[in-house]
Every structure is written in structure tokens, then in C-alpha cells.
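Peer 1: In case it's useful when we look at the structure, here is the feature table from TrEMBL:
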BINDING   G24, S25, M26, F27, S28, G29, K30, T31, D96, E97, A98, Q99  ATP binding site
ACT_SITE  E97  active site, proton acceptor
BINDING   C153, C156, C185, C188  Zn(2+) binding site
BINDING   I173, L174, L175, G176, Y181  substrate binding site
Amino acid sequence: MFIEPRGGHGRDVPRRGWIEVVCGSMFSGKTEELIRRLKRAKIARQRVEIFKPALDTRYHVEDVVSHNANSIRSTPVALAQEMLLLAAGSDVVGIDEAQFFDESLIDVCVQLANRGTRVIVAGLDMDFQGQPFGPMPALMAVAEFVTKVHAVCVCCGEIASYSFRVSASEDKILLGETDAYEARCRPCFLAGMQEKAILEATERSKH
Ligand SMILES: [Zn+2]
């Protein structure tokens with residue numbers, strides 16, 4: 001389990017910032033892990049601010065809500081840059097669903113960490129096609145700490161790191177539809193993608 005560094009908050013020590021990334025597939029417990037770390041920071045009497053992309057409108061607008069309803073209030077932002085102003089005076093900044101921000105999130109996180117803020121970023125590392133998702137790979141590169149959490153494959157019970165889309169939609173952002181996804185391990189993800197490809201090919205040959 002991740003134990004946070006002390007962060008140099010003592011006397012005579014300049015405030016130390018850093019970046020943590022919590023990544024994984026859907027149903028892997030990313031948001032739960034983000035919330036766990038933020039609650040510990042609150043216990044340590046640190047000023048905590050939580051953000052998420054404004055487009056993620058599942059459940060409540062103002063809360064980071066994980067699938068087990070263990071939630072913390074958050075602020076939706078349209079642009080990553082807004083966090084630079086909104087997070088002024090915070091010791092710890094949490095960012096949920098980070099994969100939906102554009103590449104400017106990387107520079108925003110670096111700036112926050114450089115000015116002494118602890119930044120905890122949670123997001124999907126891969127999209128439903130198994131490709132690295134948005135700013136996540138670069139964030140993992142610049143972070144001091146990277147934690148990859150895993151789900152359980154619904155097909156075989158192995159450890160899962162892929163989000164398999166059950167529905168046919170090709171839209172990368174399919175929100176509020178966790179039913180449309182399954183956590184799968186590598187072989188079961190590959191088998192599912194092959195099945196889909198065969199189905200699509202037969203559909204095309206009918207027209
Ligand atoms: Zn499997």
C-alpha cells in the first residue's frame with residue numbers, strides 16, 4: 001500500500017511538491033485509492049482541493065464519486081489551467097478522471113508540484129482499444145510515484161488491466177455507462193476484440 005512521504009512541512013524546510021499517479025482500468029479502484037490518500041491528507045490537517053473534468057457529469061456534479069459511493073466534494077473544471085488559480089493555497093490537489101483532460105494537464109501538474117503542491121492524479125491508463133489514454137502516459141513519466149491498480153477479469157477471474165467495451169459505440173468518451181464496459185485480462189481482452197472484429201466483418205459483408 002502507498003504510504004505518503006512526509007513532504008518537508010517541518011520548520012526550515014522548503015515546502016516540497018511532487019506528483020503521484022494512480023492508474024488502471026475501469027473497476028480497478030482508482031478513485032477509491034485517490035479518496036483514501038486525500039482523506040489521510042485531511043487527517044494530517046492539510047488543505048485539500050479536488051478537481052475533475054467538467055464533462056464528467058455522472059452522479060453528482062460536485063462530488064468525486066467512486067463506484068462504492070465513498071465520495072468527497074470536488075470542483076469540475078473545463079480547462080486544466082483553471083486549477084493553477086483554484087488550487088492556490090492548497091497543500092494537496094487531487095485530480096480524478098484525468099484521462100479526459102488534454103495534454104496541458106501535464107504542464108499544470110508540473111507547475112503545481114514545482115511550487116510545492118502534492119498532486120495526486122487518478123485516471124484510466126488505457127482506452128477501450130487498449131491504447132494509452134490522453135495525458136496519462138506523459139503524467140506517469142513525470143510523476144515521482146506511479147501506482148497501477150487492477151480489477152478482476154469478469155471472464156476468468158485473473159487480474160485485469162483492460163477496459164473492454166461491450167457496446168458497439170466507437171466514441172472514446174462514453175460517460176455514465178459503466179454497464180457498457182467489463183474489466184478483462186489480456187487474453188480475454190484480445191479474444192473479445194477478435195470476436196468484435198469478426199462480427200463487424202460479417203456485418204459489412206451483408207451490405
Ligand atoms: Zn480473463
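Cβ from N, Cα, C; glycine included.
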Peer 1: Identify which of the binding-site residues M26, A98, C153, C156 has its Cβ surrounded by the largest number of other Cβ atoms within 10 Å, counting every protein chain shown.
Peer 2: A98
Peer 1: Based on a Cβ-to-ligand 1 distance below 6 Å, what subset of the binding-site residues K30, A98, C156, C185, C188 would you report?
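Peer 2: Only C156, C185, C188 meet the Cβ criterion.
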Peer 1: Considering only the binding-site residues M26, C156, C185, which residue has the minimal Cα-Cα separation from E97 (active site, proton acceptor)?
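Peer 2: That would be M26, the closest of M26, C156, C185 to E97 (active site, proton acceptor).
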Peer 1: Within 10 Å of the Cβ of C185 (Zn(2+) binding site), how many other Cβ atoms can be counted across all chains shown?
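Peer 2: Within a 10 Å radius of the Cβ of C185 (Zn(2+) binding site) lie 23 other Cβ atoms.
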Peer 1: Within 8 Å of the Cβ centroid of the Zn(2+) site residues C153, C156, C185, C188, which other residues of the same chain have their Cβ?
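Peer 2: Nearby residues not in the site list: V154, C155, G157, E158, A160, R184, R186, P187, F189.
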Peer 1: Among all protein chains shown, how many Cβ atoms are found within 10 Å of the Cβ of S28 (ATP binding site), not counting that one?
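Peer 2: There are 23 of them.
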Peer 1: Counting every protein chain present, what is the number of Cβ atoms, excluding its own, within 10 Å of the Cβ of K30 (ATP binding site)?
Peer 2: 27
Peer 1: How many angstrom lie between the most widely spaced Cα atoms of the ATP binders G24, S25, M26, F27, S28, G29, K30, T31, D96, E97, A98, Q99?
Peer 2: 16
Peer 1: Between A98 (ATP binding site) and C185 (Zn(2+) binding site), what is the CA-CA distance rounded to a whole number of Å?
Peer 2: 23
Peer 1: In DSSP terms, helix, strand or coil for Y181 (substrate binding site)?
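Peer 2: Reduced to three states, the DSSP call for Y181 (substrate binding site) is strand.
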Peer 1: Would you mind reading off the Cα separation of C156 (Zn(2+) binding site) from K30 (ATP binding site), to the nearest angstrom?
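Peer 2: About 21 Å separate the Cα atoms of these two residues.
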Peer 1: Considering only the binding-site residues C153, Y181, C185, C188, which residue has the minimal Cα-Cα separation from M26 (ATP binding site)?
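Peer 2: Of the binding-site residues C153, Y181, C185, C188, Y181 has its Cα closest to that of M26 (ATP binding site).
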